[in-house]
Amino acid sequence: MSGRGKGGKGLGKGGAKRHRKILRDNIQGITKPAIRRLARRGGVKRISALVYEETRAVLKLFLENVIRDAVTYTEHAKRKTVTSLDVVYSLKRQGRTIYGFGG
């Protein structure tokens, strides 16, 4: 247990962070213009008003899956820092291989 601080080996079982801001409704940070820009890049001309909430929901689900896998890789390697390779491997596991980030 040397060099691990008071958290021990279990990554999610450390002491509580003292000034941790509670994150709520951050998905609204993906703004309407940001979604519109992504759609424009994909060749979309007009966008229905219902698209924005649906896009946020799908993006949240996608990121939850990628981050869950990346954190699993990190925990398996007994690290506390998620690396770009963890994300690359988690995307590869989901069938979305990307290049240019190592691995």
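One-based numbering along the chain as shown.
Glycine is treated like the rest: Cβ placed from N, Cα and C.
What Swiss-Prot records for Lys6 (among others) is N6-acetyl-N6-methyllysine.
The N6-methyllysine annotation in Swiss-Prot covers Lys6 (among others) and rests on similarity to another entry.
Marked as N6-methyllysine by Swiss-Prot: Lys9 (among others).
According to Swiss-Prot, the feature N6-(2-hydroxyisobutyryl)lysine maps to Lys9, an assignment based on experimental evidence.
According to Swiss-Prot, the N6-acetyl-N6-methyllysine annotation covers Lys13 (among others), on the basis of a curator's inference.
Positions annotated as N6-methyllysine by Swiss-Prot, on the basis of similarity to another entry: Lys13 (among others).
Look at Swiss-Prot and you will find 17-21 tagged as DNA-binding region.
Taken from Swiss-Prot, the feature phosphoserine covers Ser48, and the record attributes it to experimental evidence. The Cβ of Ser48 (phosphoserine) has 7 other Cβ atoms within 10 Å, all protein chains considered.
Taking Cβ-Cβ distances under 8 Å and a sequence gap of 6 or more within the same chain, the neighbours of Lys92 (N6-glutaryllysine) are Ile98, Gly103. The N6-glutaryllysine annotation in Swiss-Prot covers Lys92, and the record cites similarity to another entry as its basis.
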